[in-house]
Every structure is written in structure tokens, then in C-alpha cells.
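A short write-up of the structure that comes next.
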């Protein structure tokens, strides 16, 4: 009965964190609106080979992540839950792999149960795992690679090793088809310390070719299909999205070497106090037969790899949290047995985080010291919801701190208030510029019959296209990440410059209403826009809706 009760509690906790909130949070631009629309177009056109965004060639990523996202919308429909389901599915499968690996490494049921709990409630994992991006998918394939290599290394039979390396090839192949060739580099650097320390080179060289062959066979059908349909894909994807993005001096998202350290620290909440001890114990046990060194290698080596790369984003280190959660779970259970101070300190940290959050809410509220508060006076209920969310965090931290021997696991409940309430507490000023669904809903009666819809922001373009279920959104003045697709001869009608807008409008408005949804710069007003006078206008924060009717 006790195990059944625990099982039901874990399922309920998962539903509260990962299922219930999904449909109640508006989609964020640019990421969620982009991936929502790419998958919608894939379903609408039936083209499962070439990724398109707003009807344009979009070669930022390969195809497999879009497949998973499309299946989510196909199963659950045209809603926010369907858009985000692919990420939740991938991160859930990763958690199950974490549980499997924890059991195979330590043969401890408690470690196997606690590891996915820590993984799913870690802030970085939760934030990305409920957000419609491709990083949860690549994390799934890298976790599968981590598990399959360990399974192959521990197999006692030739058939077991063949199966493990074949599965490794599948994982790497799907990783390549999700995010590119980094899916090959990360497993190599991840296993390197363990292979060197255990002197397993001969086995790797003997069976590694099988993984390479299987990986190639997985990628080959789609790789040849897209090369035939779009011969420029592989050139653009390799040189622009890999070399320029990660290695060159002008790399995209350039950041210093230490960039990921704050994200590792904040991302480990609400289990932060376990981080130093888990890493230290993993290092001290590196010479033991069990897999502490293997797990530590999968944490440290990818972390260093991405730190060395010039282009950086917080989501890149998500795969590090799979092995890290196993090390943290084992350390937490040992600390509970020995009465180590780390569990009390963890409660204190969570209490402090909750209290700091409450103070921050007060500071940025209409009654705070900020000249321009985050929330306005009519958003009192949002301040209250944010305060409740942080109060829950502080309460769970306080309970764990008072009795760390029995209540330390309450840390898993610390982010629950945020998970359930954050979607309702987003300030209006943020919604206006970052969540275009809100504006589209307000002006939908005018937008729906529009013959032409233009916008100067790619993220808003994705939101408009997804909400209106039309891919013919025209970019106005700015091309952004769509420059490559817009440069093709068959895409010339998808962009209108600001200088040529007046002439374009005179030619096209007779065909039907022309609508513009523009994101203005900070401090800019609608009257500052150098545009012809519209027939209808609506301003919402930094976003303005303009409409020109036929004359």
C-alpha cells in the first residue's frame, strides 16, 4: 500500500507540474510561436521533409524535433497544450531514462525513484521542459546515448554489446536529426573520461563502428531526401548554424567562458545545496567500480564543451542535468542517513529564495520603490499570485529546514506555486510585447478578414500565423532570422520595406484589408511611425495594430 500511495503521489505531482499548467500559459515569442507555426505548417501541407516557417525555407534545425512537435498538435489539437506536449513528452522520457540509469549504476530503488524527481523539479529542467523548444528533444536523445553506452559497456554477452551500440547509433542519429552534429560531439566527450580511466578503448573501437553505421542509416533517408529537394540545406546548416554559431569570433549569442555557472547554480534550485556534495562525492568515488565517474563525465565534459564554444544559450546545458540529478539523489539519500548539514542548508536556501522572491514582488509592485513598477495598480491580483507562489517556496523551505531528517524531500514542492500561478501573474507590459496571442484575440475580428497581414517582428509573425492558421504573413521593414528564406527568388512577395510601403499599399489595399501588427521600440509612440494614416488603429503597450481598408 505504501508503494502505491507513493506512486499515486508522484503521478499527481507530475500532472500538477507538467500537464495542468500547459494550456493556461500564453505562448512566448519568438521561440514558442516559431516552433508552433513550423509544426502547424508541417501538418497543414503534409511536407515532413523540408521545414518551412511562414511558407519560407527555414533551415535553422533539422527535422526530427519538428516531427515530435507536430505529433503533439496532431494528437491534442490547435492549442497551447498541443504545442508544448512535445517538450513535455521528451523531458518525461528523459526522466524515465534517468531512473533506469540510476538503477543500473547503483542498484538502489530509492536512488532510482528520487533521481527523476530531482530532475523534473530542477528549475532549468522545468522551465525548458514545459517550453516549446527543441532542447528537451536533444536532451532525450543524449540521455538515451548515455544509457545505451552504459548498457553496452556493462553487458556480459556479445549480443548485449551489439544491442547497446546499435541503440547508441539510433540515439546519435535522432540527435543529429534534431539539432545537428553536436549530437555526435557531446556523447564522445561525455564518455571520454570513463573510457580512458577504465581503459576500454579496445571495446569502443571494436563496437563503435556499429554505432556509426546505425547512426548513418538513421539519418540517411531524410538526409538524401532533403538534399534532393533543397540542395543548399546541408551547406547552410553546417557552415552557418554550426561553424558561425559556435566557433567563429562573431558567433551568435556570444558569451564569456563562465556564462553557464550562474545558470547551473540557479537551475539546480530547489536542490542547490546538494550540488557541491554530489560533485565532490562523484569525484571521490571516481576509482570505484560503480559509475560515479561515468556520470561525472557526462556532467563535466559537456559543460566544459559548451563553455568553450563562443555561442552560448542557457538551454544548451540542459543535458547535464540528467546525470547530475542521479549524483544529487544518491548524495541526498546518504546525507539523510548520516544527518549531514546539506539537507538543512538546502531548506535554508529555499526559505531564502522564497523570502527574496516576496521582497522582489513588493519592490516591483505599484507600492514599491521603482519609478516604473512591473505591475500597475489594476494588476493587484497578479502581485498577489506572485506573492503566493514565493510564499509556497518559502514555506516548503522552512518546513524542510526545521526537520531535515524527515522533510528534506519537501524541496520538490518548492516550485509548485510558481508552476501553477506564473502564467496568471505575467505583467501586462510583458504580455503585450512577448505573448502576441493576447493582442490577436483582442483584434481578431479585424484580423481574420484581412487580405494581407504584415509585421516587423519574427516572433509576432509566428504568433499571428499560428493563431490565424495562415502562413502568408508578410515581414515589414525587418527580416531578422528569416533573411535566408526571404533571399530566395520565390519569396520576394513575403517582404515589404518601410520605404516602399506607401507604394505597395496603394497597389494592394484594393484587394482587401491590409493589417499591420508592429512592435515599437521602447519610448516610441504610434504617432512616431512614418506610415500612411490608417483607417483603424489600436495600441497595446509596445505593440500597435494598424488597418487599411480598400478605397
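Placed from the backbone N, Cα and C atoms, the Cβ positions cover glycine too.
Since we're looking at a predicted model, the values are computed, not measured.
Range with Swiss-Prot annotation transmembrane segment, chosen from 60-80, 207-227, 228-248, is 207-227.
Looking up the ranges 30-50, 408-428 in Swiss-Prot, the one annotated as transmembrane segment turns out to be 408-428. Touching of the transmembrane segment (176-196) and the transmembrane segment (349-369) is ruled out by the presence of fewer than three CB pairs under 8 A, sequence neighbours closer than 6 excluded. Counting same-chain residues at least six beyond the ends of the transmembrane segment (111-131), those with a Cβ under 8 angstroms from any Cβ of the stretch are 6, 10, 13-14, 17-18, 21-22, 25, 28, 31-32, 84, 87-88, 90-92, 94-96, 98-100, 102-103, 263, 266-271, 274, 314-315, 317-318, 321-322, 325-326, 328-330, 332-333, 409, 411-412, 414-415, 419. Of the Cβ pairs linking the transmembrane segment (132-152) with the transmembrane segment (313-333) and spaced 6 or more residues apart, 3 or more are under 8 Å, so the two regions touch. When Cβ-Cβ distances below 8 Å are used as the criterion, the transmembrane segment (349-369) is approached by residues 269-270, 272-273, 375-377, 379-380, 383, 386-387, 389-398, 400-401, 411, 414 of the same chain, each at least six residues removed from its ends.
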